[in-house]
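Okay, handing you the structure first.
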Amino acid sequence: MEVALTKSALLVLEDGTVFTGTAIGADGLSVGEVVFNTSMTGYQEILTDPSYSRQIVTLTYPHIGNTGTNNEDVESNGVHACGLIIRDLPLIASSFRNQQNLSDYLKANNVVGIADIDTRKLTRILREKGAQAGCIMAGADLDEVKALAAAKAFPGLKGMDLAKEVTTDKAYPWRKGSWRLVGGLPADTPAEALKYKVVAYDYGVKQNILRMLVDRGCDVTVVPAKTPASEVLAMNPDGVFLSNGPGDPEPCDYAIEAIQQILKTDTPIFGICLGHQLLALASGAKTLKMKFGHHGANHPVSNIEKGNVMITSQNHGFAADEATLPANIKVTHKSLFDGSLQGIHLTDKPAFSFQGHPEASPGPNDAAPLFDHFIELIEHYRQNAK
């Protein structure tokens, strides 16, 4: 299906930089933190990742939208990125799985987007000055002054608890495994065929994380972010998972307190992304806001224990501060881009976490064995509990 683009759009950063381009989504105005992602593929997974809440995503790869969109390559029930910035939208979306071109997909989800701007220049600005607020305005009556005022009024993500905004309203079971080339997404796995009972805190969970847990025999119950530890422990889980999510981890007092209560037991804990940061905070460490964060599918990470390198998918603007880690936490992984902390393991509890995204979507599968380590801890816990 050919895409027809006729409307204008503009992007204004809080430092006053203005880009003019073509509207590729809904009309209107969108304000958020502008970040850049270096992934070549997976734009639909990126858009539907709840971790991008209140963020406008710049995709550095020049051609975005080649394969259109479909109803399977999603990480949540809707689009969470509040805006999209790309260099070029191909006129034709071509894939045997394509159901809707990217522009129409953005319109259907009321997402404002802009194309035909110099994304290399924009990325350099974000690298040099750091992630900053921005405003995309699309449609008629474009107003640079109004857009700049809107960008400057954005409060920023530091101090912002977004997990409570994107979490589920009520608990639900998840028993669906990973997508397959033959058959697509499978039907739910029967509960009796799943060996391990895992409770997953939803701080903005990606569905592929849940799929990979099911692939390893986990009967997953997803619970709201503010679920007390007492309710989780009353379910007698074999393990507790702490999900990814958006925003600053430090304001999430409810999550930190719940994790601290669970840590008093010997229940295995596995955290990813925001869950990693929350585990660090619950253990006594601190977190910090990064200059422009890590967003991409090609980030090298050192596995300290094994002495090898993993290529990983990353999406975070905050990080656990290694200098503040208590004595009972050992560092397991570090970024080879900037040396930032990527993984931790408690020495006195069966709890560990990883800053990147071992479930990928998009990205490589080098870090997928972290899910297997979670299962190993669960097996050990079950044996000791007998």
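The count begins at 1 with the first shown residue.
Just so you know, glycine gets a Cβ as well, placed from its N, Cα and C.
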May I ask you to find which of SER51, SER76, SER94, SER95 Swiss-Prot records for the L-glutamine site already listed with GLY245, GLY247, LEU274, GLN277, ASN315, GLY317, PHE318?
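Among the candidates, Swiss-Prot records only SER51 at this L-glutamine site.
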According to DSSP, which of helix, strand or coil covers LEU274 (L-glutamine binding site)?
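The residue in question, LEU274 (L-glutamine binding site), is helix (DSSP, three-state).
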Could you tell me the C-alpha distance between LEU274 (L-glutamine binding site) and HIS357 (active site) in angstrom, no decimals?
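That separation, Cα to Cα, works out to 10 Å.
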Hey, how far is PHE318 (L-glutamine binding site) from CYS273 (active site, nucleophile), Cα to Cα, in Å?
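Computed Cα spacing between PHE318 (L-glutamine binding site) and CYS273 (active site, nucleophile) is 9 Å.
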Let me know how many other Cβ atoms fall within 10 Å of the Cβ of HIS357 (active site).
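The answer is 25 other Cβ atoms.
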